[in-house]
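Structure record follows, encoded as structure tokens.
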Amino acid sequence: MGGSDLTMRGRHGDAFSTYKRNVLRDYVNFNKDGASEHLLNGVGKDLGNPSWRRSLPHVLVAALSSLLFGYHLGVVNETLESISLDLGFNGNALAEGLVVSTCLGGAFVGSLFSGWIADGVGRRRAFQLCALPMIIGALMSAATNDLWGMLLGRLFVGTGMGLGPPVAALYVAEVSPTSVRGTFGSFTQIATCLGLMGSLFIGIPAKEVANWWRVCFVVSVIPAVALALLMQFCAESPHWLFKRGRAAEAETEFEKILGGVYVKSAMAELSKADRGDEVDTVKLSELLYGRYFRMIFIGSVLFALQQLSGINAVFYFSSSVFKSAGIPSDIANICVGISNLSGSVIAMILMDKLGRKVLLLGSFIGMAVSLGIQVAAASSFVSGSVSSYMSAAGMLLVVLAFSLGAGPVPGLLLSEIFPSRIRAKAMAFCMAVHWVINFFVGLLFLQLLEQLGPKVLYTIFATFCLIGAAFVKRNVVETKGKSLQEIEIALLPQE
């Protein structure tokens, strides 16, 4: 692969720069003819926007990786009790914790390498590589008779979970027409919700039916196989092909996802943003200091604040809060799922209307207010039954507010603001930050709750939400309605 890559590179070098000159010449002529005043991801104003119908199937297949992600996140929720009984570690809190957190460890590793994989073999192959460990891991977990087999299976699944979301965010941003990029970007969040709810529904019989948890793992193989097979028929990202010097193939893919009329303008847009440094490899040092640092900093802080808002702690802890309000756990899970899904659908509708920044701001402020309700519920001046209902309502509002902005926006926004040259690796780096913080929040939440009590802990989470709102107000740029190339030219400091 390495050798052929180098010869390809050499062969394409001159041809590619000539190609870019020609494309730019066409682009100038194209403008002179008055065919297009303003180009957006291959959108001439006079041509109107490309039909979203062409790119939709490709985006839906990519969203399968998010569906799997959500499913595996929730699959041990209902089944952990019967797994621990069958595999003989019932009552061992450490072992139970490991079944949940081994997945997160694997996800961290997967996300860390996702950028290099997505840049090395392309977005389509990266999806297929993400499906593979999920198939192997799920079957290992389903067939195991001891704790170690389960942990190894969870580790495999975790690597696929880590690889999927950053590649999905990249791919969706790169194949969606500008006019619907926000809406399509929300599909991944909705797919995650559906996966999570699916795993909770499928897990319901686990307490009654012997070995049902094995079925829960086997079921997840179906979407994973579908992802691997269907990706074979999907378009490769034209941005990636262009970056590799495969411009003719990029044109073919643009035709597939936008339609023939838009190909010339889309290629001209790509050439405009391309500074001729695309084929170089990106070093980690470039991400940590240098001209890309500010973007990486914004991305990492956004993902860190998303986790420090306490959302995962809320998810992990929802059942016991509802139990104290006298609501059984299966109904509680359904309520949380519906709240999450409805917020994500509203976000999808508003993403290209209100814009990313407004949703993020509203989301962080809404979460702070909802956490405030929970702090009030934990105070002594509220009576017992009122307190538990307030707490449950506060929790559903936190989930709703989160899914309106803080959930779906960071992944979409980052895949938009990172320049094409570093997009995959920068996403990988920010997702790795997300997994580290997710891991520690999950690990420390129950201990902190015991030591500090809910009032102090929810106040800390609410404070992080307010910091998040202030951070977004100061640092986040609006990307609604702008092509990836326009965003790149506007944001990158000139060398």
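Numbering starts at 1 and runs along the chain as displayed.
Placed from the backbone N, Cα and C atoms, the Cβ positions cover glycine too.
Predicted automatically and left uncurated, TrEMBL annotations should be read as such.
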Among the residue ranges 151-172, 327-348, I'd like the one that TrEMBL describes as transmembrane segment. 151-172
Mean pLDDT for the domain 'Major facilitator superfamily (MFS) profile' (58-480), as a whole number? 88
Under an 8 Å Cβ to Cβ limit, what residues of the same chain, 6 or more beyond the ends of the transmembrane segment (426-449), are close to it? 97, 100-101, 104-105, 107-108, 111-116, 118, 162, 165-166, 169-170, 284, 287, 292, 295-296, 299-300, 302-304, 306-308, 310, 312-313, 316-317, 414-415, 418, 457
Which listed range (55-73, 93-114, 184-206, 292-319, 455-472) shows the maximal number of Cβ pairs under 8 Å with respect to the transmembrane segment (212-234)? 55-73
Which range out of 55-73, 93-114, 184-206, 358-377 gives the transmembrane segment (151-172) the most CB pairs under 8 Å? 93-114
Could you tell me whether the transmembrane segment (55-73) and the transmembrane segment (292-319) are in contact, taking contact to mean 3+ Cβ pairs under 8 Å with a sequence separation of 6 or more? no
In the same chain, residues at least 6 away from the ends of the transmembrane segment (93-114) whose Cβ sits under 8 Å of its Cβ atoms read 72-73, 76, 80, 83-84, 126, 130, 133, 147, 150-151, 154-167, 424, 427-429, 431-432, 434-436, 438-439, 442-443
